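Trainee: Below you will find the structure I want to go over with you.
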């Protein structure tokens with residue numbers, strides 16, 4: 001049954017597959033003796049809804065789809081084969097044995113029944129031993145974070161077999177208050193768990209916070225696995241402080257695998273949070289290029305981590321079995337509470353966003369357009385000018401851990417067709433046709449813009465990776481690719497942001513007019529000419545803001561250029577990520593290696609300023625000789 005790794009003394013079986021019980025009697029069985037197994041689940045078990053099961057082990061006859069039959073007797077001992085249906089209720093059953101007037105309750109009276117990815121008629125059946133080993137049995141893995149240009153894996157201990165983890169999952173199942181029939185269905189259970197892993201509506205497992213201040217709890221960056229979170233929640237029945245998207249995904253992977261549903265954590269880089277269901281993420285900039293958070297309700301997260309779970313979808317048309325996206329991070333309400341999915345990944349790929357659940361939201365996360373707006377105050381009124389619309393920047397490098405390897409697998413092609421391919425355009429058109437009618441005009445595919453008279457390009461030179469404690473030294477670049485000379489008003493803003501796009505601090509602004517002709521009348525921005533504007537920020541300007549929050553931050557630079565002669569406006573957004581020193585693990589000699597303290601950790605990096613934010617390192621040690629290391 002592939003349940004031997006659970007740290008639990010009770011019997012744990014998978015549905016749709018026989019298991020054996022050994023019964024020791026006070027004497028040998030006579031022909032007219034009756035032996036009945038009784039299993040019950042829930043507070044008020046009833047035969048009518050399948051929560052009270054009675055199986056005659058002598059005859060093998062039963063009124064339910066469960067079956068029990070004595071297969072072997074040896075004196076006072078007999079073996080009973082019990083077979084559960086492939087759609088049995090998932091949960092913790094209590095076992096009794098009835099022999100005539102006597103009712104026997106064993107010391108280990110609990111029988112856990114889980115989903116069975118090895119059973120071809122179970123709705124979570126997953127073909128392939130390697131896939132089942134990865135998505136059901138593997139208790140460690142990686143959650144991918146960072147940015148599109150600098151992806152890194154965070155090791156994560158899922159620990160689905162550890163003490164109290166399975167019992168915590170059973171507690172969540174009871175807390176869901178699902179009806180018995182619903183507890184057979186992985187679609188309904190996975191949706192319920194996406195709600196219960198966050199605390200928003202039902203005092204679930206993890207309390208979400210992006211405040212940067214995490215007093216009274218554990219900062220999200222400090223978690224390295226799901227086990228302490230689920231153990232603490234099970235023992236206290238109080239939400240655990242604090243979590244962000246990768247924590248929710250890691251915990252939900254643990255819960256799904258513990259229950260027997262194949263699951264993987266998935267990271268979408270440049271992930272859109274579209275609050276208006278119009279496939280547009282609107283970014284509003286002031287005249288200095290700074291993001292106006294009071295107007296910007298949509299956002300683009302540097303990365304967002306959710307989950308895929310594997311199952312059949314008999315509730316949908318054919319073609320949508322397989323991976324289903326679910327998300328426990330509380331972003332938007334669905335049917336009145338913070339839950340998301342399951343939505344078929346294949347439906348997202350094809351734009352079939354009418355399918356349940358929450359397919360519109362997930363489709364926007366990987367396919368929305370980014371629109372920049374310039375907000376100016378003219379005669380006391382705010383005016384809005386559309387600067388740029390980008391159609392290829394959202395939904396990049398969608399990642400998960402590869403099967404059987406500690407490497408990243410890019411699964412972008414499972415979520416979306418290649419950009420600008422005929423299939424991709426059709427998928428977007430299909431999605432738009434299902435969006436709310438008042439958004440259809442907004443959702444129409446934007447025609448390509450007319451060529452600019454002043455063909456200028458904006459860019460940046462300098463370190464793309466920053467070491468904390470070092471100054472930021474950049475050059476903003478304006479390249480003229482047209483046959484004219486222009487006067488350009490340049491505004492640039494440099495801000496410190498969280499991975500969700502929240503502005504933590506404004507570091508610098510620049511306003512400068514680039515004159516295209518010098519005093520002698522010569523063009524400074526002739527065809528192919530480059531003009532450079534330096535941007536320097538001392539380390540002290542950002543380190544105080546970095547150290548005031550317990551989140552990883554990045555630098556965002558927004559540039560706005562207005563050409564005076566043509567009134568044309570351009571914009572560009574650029575990101576810089578901080579780089580932290582890697583850790584090298586060295587092992588002491590065998591004689592010295594008596595405890596964990598004999599492992600030497602050394603930071604290998606450039607010389608860094610002492611003004612660096614506190615860091616938490618995660619180390620996986622793979623060595624069969626280190627027997628003193630439990631975790």
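Just so it is clear, glycine is given a Cβ too, placed from its N, Cα and C backbone atoms.
What TrEMBL lists as active site is 245, 304, 327. Residues annotated as Ca(2+) binding site in TrEMBL: 367, 369, 419, 424. The feature domain 'Transglutaminase-like' is assigned by TrEMBL to 237-330.
Quick one: where do these features end up spatially?
Mentor: Sequence-distant contacts of residue 327 (active site), defined as residues of its own chain at least six apart whose C-beta falls under 8 angstroms from its C-beta, comprise 194, 248, 249, 306, 307, 340, 341, 358, 362.
Other Cβ atoms within 10 Å of the Cβ of residue 419 (Ca(2+) binding site) number 14 in total over all chains.
Predicted-model confidence for the domain 'Transglutaminase-like' (237-330) is 95, expressed as mean pLDDT.
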Trainee: Just checking the binding-site residues 367, 369, 419, 424: which sit within 10 A of residue 304 (active site), CA to CA?
Mentor: none
Trainee: So of 369, 424, which of the binding-site residues has the fewest other Cβ atoms within 10 Å around its own Cβ?
Mentor: 424
Trainee: Determine which residues of this chain, when 367, 369, 419, 424 are set aside, have a Cβ within 8 Å of the centroid of the Ca(2+) site's Cβ atoms, and list them as they appear in the sequence.
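Mentor: After dropping the recorded site residues, what remains is 391, 392, 394, 395, 416, 420, 428.
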Trainee: What same-chain residues, at least 6 away in sequence, bring their CB to under 8 Å of the CB of residue 245 (active site)?
Mentor: 301, 303, 304, 305, 306, 329
Trainee: What are the sequence-distant neighbours of residue 367 (Ca(2+) binding site), meaning same chain, six or more residues apart, C-beta distance under 8 angstroms?
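Mentor: Spatial neighbours, sequence-distant, of residue 367 (Ca(2+) binding site): 272, 279, 394, 395, 416, 427, 428, 431.
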